[in-house]
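> My questions all concern the structure below.
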């Protein structure tokens, strides 16, 4: 099994030294991620492309490799190819005909060739010879150069012919870690998830900073989002998840700050804390999901007042994005379901929040704030390797039984997304299975027959454990985690 990796175009226009560095990093990223799935994977650097090879040709392995490659920054597209040697022009035709000839019935087609090396024929001559032979010897609806039903793609490199059997779209962007690290202020909602993704795609290693306003349930929900983004788009590198217990700060604001300024002051306190966390981590920029005009604290004036609290660079990739565009992108990257069911914690509520805060007035209000409270929560911040979320959950979930057997009056609850459920149906013989996606558990679990015990199932086991903790937090005790032997 072979794949040809096409580089993100902006990589190819860099200077030779920068391009070499970026391609080498991408090569390492691909190797790190794919070898977790398939130890036989090798990655070769061919200057203008990367060649990925695997000795495992099973359909299951192929699907896993395609999934991982499609979510890796730095790849514009990748071609699934069959590599064969050839002797002459007619041999190219015969090998192409053996693969594509039977697929031409009732279709228009064309042949496209890319060639590298010295040969006695041109790329156009190959297209004409192979296309003419297929048209004469196989039933079809003829050759159509524009918008054919089937485009046959061939790549020739010296004495090797690559028959392209599938073309997959890549994520684009720069390879992970070619840009500097950032610290994303993540809340679990639509905006912060998309903002984090955009910086991953741009090649930055994204660490996550969460300000907890709602207890364990809130933290569990946000960890799900951060873990999902890391595991799907950036698992080639280690990142940190930082949790800051911010309830005491909210309490101090409610007690000391004028009503209209509460939102702005809360954001300034968050930026103070995040800047300190970033400094300790050696990170020079913060990322937020703020967009001009979306809420009262996000007017240009208020954002300016917020930014003046720190010298740390604050990056806002969504600053002029419409809310619907953000939601659409969240849906595309897979974070919409998390955001829709994320608990809302409006710890600071202003009856009449100002949209044009005066800097001097903000400073006067903050003079009443006890900054020892802020220092204490910064000191109490918990920093973990994001890979430990699964292990941490394992320890926390000990009070929730894990089992691989189904007893009487027990039902397996498949909490995977509809797409996962459809792609890989889970129906073990002799067991009752109900499909209820994880993002509906918070609103629909209580509607189930509570006389039964439910065994939560997902493929990797992380989501089922996190959801078990969340339901436990909500007071449900008829829960176990199901794990296959």
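Note that Cβ sites are derived from N, Cα and C of the backbone, with glycine treated the same way.
According to Swiss-Prot, the protein has these features:
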type     : residues                : note
ACT_SITE : 458                     : active site, cysteine persulfide intermediate
BINDING  : 185, 186, 267, 289, 298 : ATP binding site
DISULFID : 346-458                 : disulfide bond
DOMAIN   : 63-167                  : domain 'THUMP'
DOMAIN   : 406-485                 : domain 'Rhodanese'
> What's the CA-CA gap between residue 298 (ATP binding site) and the residue listed as 'active site, cysteine persulfide intermediate' in angstrom, rounded?
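Distance between the two Cα atoms comes out at 38 Å.
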> Where's the emptiest Cβ shell within 10 Å among the recorded positions 185, 186, 458?
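Among the recorded positions 185, 186, 458, the lowest count of other Cβ atoms within 10 Å belongs to 458.
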> Rounded to a whole angstrom, what is the C-alpha distance between residue 458 (active site, cysteine persulfide intermediate) and residue 185 (ATP binding site)?
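For residue 458 (active site, cysteine persulfide intermediate) versus residue 185 (ATP binding site), the Cα atoms are 28 Å apart.
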> Taking the Cβ of residue 298 (ATP binding site) as the centre, how many other Cβ atoms fall within a 10 Å radius?
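That number is 22.
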> Just give the helix, strand and coil counts over the domain 'THUMP' (63-167), going by DSSP.
38 helix, 36 strand, 31 coil
> Quick one: largest C-alpha distance among 185, 186, 267, 289, 298, binding ATP per the record, in angstrom?
16
> Please spell out the DSSP helix, strand and coil residue counts for the domain 'Rhodanese' (406-485).
28 helix, 17 strand, 35 coil
> Which residues of the same chain, at least 6 positions away in sequence, have a Cβ lying under 8 Å from the Cβ of residue 267 (ATP binding site)?
297, 302, 306
> Which of the three DSSP-derived classes (helix, strand, coil) applies to residue 267 (ATP binding site)?
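Assignment for residue 267 (ATP binding site) reads helix.
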> In three-state terms from DSSP, label residue 289 (ATP binding site) for me.
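Coil, per DSSP.
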